[in-house]
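**Q** Sharing a structure below in structure tokens format, with a few things to ask.
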Amino acid sequence: MSQPLTTRPTVTGISIIPFRQPPPLCSFLFVIVLFVATFYTLHHPDAVTPPLLFSRNAYNALRLRRLFLSSASNATISSYLRELTRHPHLAGTKPSLDTLHYVFNHFQSLGLETHVAEYEALLSYPTHISVTASFSNTTTLEFDLNDVPGDSPVVRPYHAYSPSGSAQGNVVFVNHGEERDYHALESIGVSVKGCVVLARKGENLGRGAIVKIAEAKGALGVLIYAENDGGGFGGIERGTVMRGIGDPVSPGWPGVVGGEKLSLDDELVTRRFPKIPSLPLSLRNAEIILASLGGARAPLEWRNSGRVGPGQRVGPGRMVINMTFQGEMKMKKINNVVVTIRGSEEADRYVILGNHRDAWTYGAVDPNSGTSALLDISRRFALLLKSGWRPRRTILLCSWDAEEFGMIGSTEWIEENVLNLGASAVAYLNVDCAVQGSGFFAGATPQLDGLLVDVLKLVQDPDAVGLTVEETFKSQNNIIQRLSRVDSDFSGFLHHAGIPSIDMYYGADYPVYHTAFDSYDWMIHNADPLFHRHVAMAGIWGLLGILLADEPLIPFDYISYADQLQAHRDKLSKLLEGKVSVNPLSMAIQEFSLVAKEAADEAKKLKGKSYSKNDVAAAAKRRELNDRLMLVERGFLDAEGIKGKEWFKHLVYGPAAEPESKLGFFPGIADAIAMNASEGIIEHEIWRVARAIQRASKALKGGFT
């Protein structure tokens, strides 16, 4: 039963009376009382003993970090996750409101300033799904499309925003469903026109792109399976096939309650949805279909990857598939929870930590491993506040809704606040699946690389005694990825608003992704039995927030960014083989490099100045430099956006409109190359990126021409 969004009653403090040379029994009782008091304090920061006098100096900064790290509690995080995963909580459903209340009440119980930002969005749910196979001997087979018992509260596997309808035809196996896979089929005389295609999900294409390409090739319907088999349980991977992100009936503006909504037949809306039905399948069912296929043998490269056998045929075969999806699209209320921890000196500058709350099923990994870490960070921040700390800059803790449908909650919030974000957001720190296995992974915009590595040096590795996360990261992975992908809530912040961003997670992948088996039970038996990885992630995430909020000078390194731009330019030049000049890029990057070094020198000088509030001149210089450091990323935005995906404005990191792009950066240039555009068009895209880099240089340098 849902609880009202009210503040929980606070509890009075506990005092411990000191004593000398107690007898053994008293000593034992004292230890017990101390343990209980410590446990109580961690869970009820209102009861912390009188606050420390907090002043901003190196010693107190160190004490603050130590207090934050030492107040970690794996048992507490475990209890949060257990509560969050008691029931499925798909966005727009009643159980999702229970999860909303739990998160909201948790924040309020800590005494944190908390509010709900409500929106209205078009969501998609299944009403009927079926897949049957007919054979030439009149045998019929109906596939089981559920990965849980019939009376389970978990939503049946489906693709959100698939159109309702049926498709009947022979089956053709299309590998990962990429353009090159269809080219391979064409080379052996196989067409998918009038057929149902079977695709295995790969790394390069999302579900929506797989369906879009199949539709363009003349397929009637699409079945998609994942080779991980749901951890051996027969799990089926749910997901969305909507194109783009955000509420489809309020494209480009916030979906506020009572605001403008387009009709479902508006062209701006219909182009977001596929025109042919699609459904997810289990690996078990996919293998039945694969075994029935005749026709030509699959290309060698298909048979050398994944679980495709050496004798695999691509079809068509003697099996005819009849697939049906019936669904309904409904306007639903979605709710973001936002905590505000006001800054003491630069309250108008914001460091944002975010995680989504909604899940396809129970969501133990995706996303509530991240949610439980965020709840623990809030508990520890409340403890710091009781000790006398206040951040220099304002910190926001955000719990997003409806991410699984296409990052809807965060996108609507960004669209409503885009001007304020552009003027005052320092950074966005995203954690979606905090823990899905072993090993630390991260993606970031390059100016945050150095800060991230510094923080990793402060956190103990959960899997290697005596080592820091930085030491194991350096030996096992040591790659900070770039954020051109669109698969979590950082996308709108970086690609649309130009906010420096980080995305982090433990574990490269996990087998129960988006299945009914993503549960608390799976977490404690597989990914993190003792919740030590959760503790490490919460430590990294929270310390990043503290340092970005507290450091007098924002810890951004644009020399690192310049080096990365140069590496991107070199790779592009090699790809173009001299056919198109990259000189505009070279000149722009050279200028950016010089300005980055000047800014680094300026920061070095200012670090030697007094941090006293009374030193007005030094404070003004720091503020002016901080503003320039903060605004650089906005320079990479272009009002026209990426051709074909105009909502995405970032010209250095953003999603390429063409899935076959050979670059993970410069999306406009990458698309032009992938589409075999003329040299003039490619050159124009190069100039667009060069101008964006020049804008970033101007922002970092300050002043006017």
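Glycine residues also receive a Cβ, built from the backbone N, Cα and C atoms like all the rest.
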**Q** Swiss-Prot has Asp366, Glu404 down as binding Zn(2+) 2; which of His495, His496, His514 does it also list for that site?
**A** His514
**Q** Taking the Cβ of Asn74 (N-linked glycosylation site) as the centre, count every other Cβ atom within 10 Å, in any protein chain shown.
**A** 18
**Q** Quick check on the glycosylation sites: of Asn322, Asn676, whose CB has the lowest count of neighbouring CB atoms inside 10 Å?
**A** Asn676
**Q** Beyond the listed site residues Asp366, Glu404, His514, identify every same-chain residue whose Cβ lies within 8 Å of the center of their Cβ atoms for the Zn(2+) 2 site.
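**A** Here the non-site neighbours turn out to be Arg238, Gly239, Ala359, Trp360, Thr361, Gly363, Pro367, Tyr513, Asp518.
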**Q** Ranked by the number of other Cβ atoms within 10 Å of their own Cβ, which of the binding-site residues Asp366, Glu404 ranks first?
**A** Asp366
**Q** Nearest to Asn322 (N-linked glycosylation site) by Cα, among Asn74, Glu404, His514 (recorded positions)?
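**A** Considering only the listed recorded positions, the nearest one is His514.
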**Q** Look up Asn322 (N-linked glycosylation site) in the DSSP assignment and reduce it to helix, strand or coil.
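**A** Strand, per DSSP.
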**Q** Quick check: of the binding-site residues listed here (Asp366, Glu404, His514), which one has the Cα closest to that of Asn74 (N-linked glycosylation site)?
**A** Asp366
**Q** Please report the DSSP secondary structure of Asn74 (N-linked glycosylation site), reduced to three states.
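**A** SS state of Asn74 (N-linked glycosylation site) = helix.
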**Q** Ten-angstrom check, please: count other Cβ atoms within 10 Å of the Cβ of His514 (Zn(2+) 2 binding site), all chains counted.
**A** 22
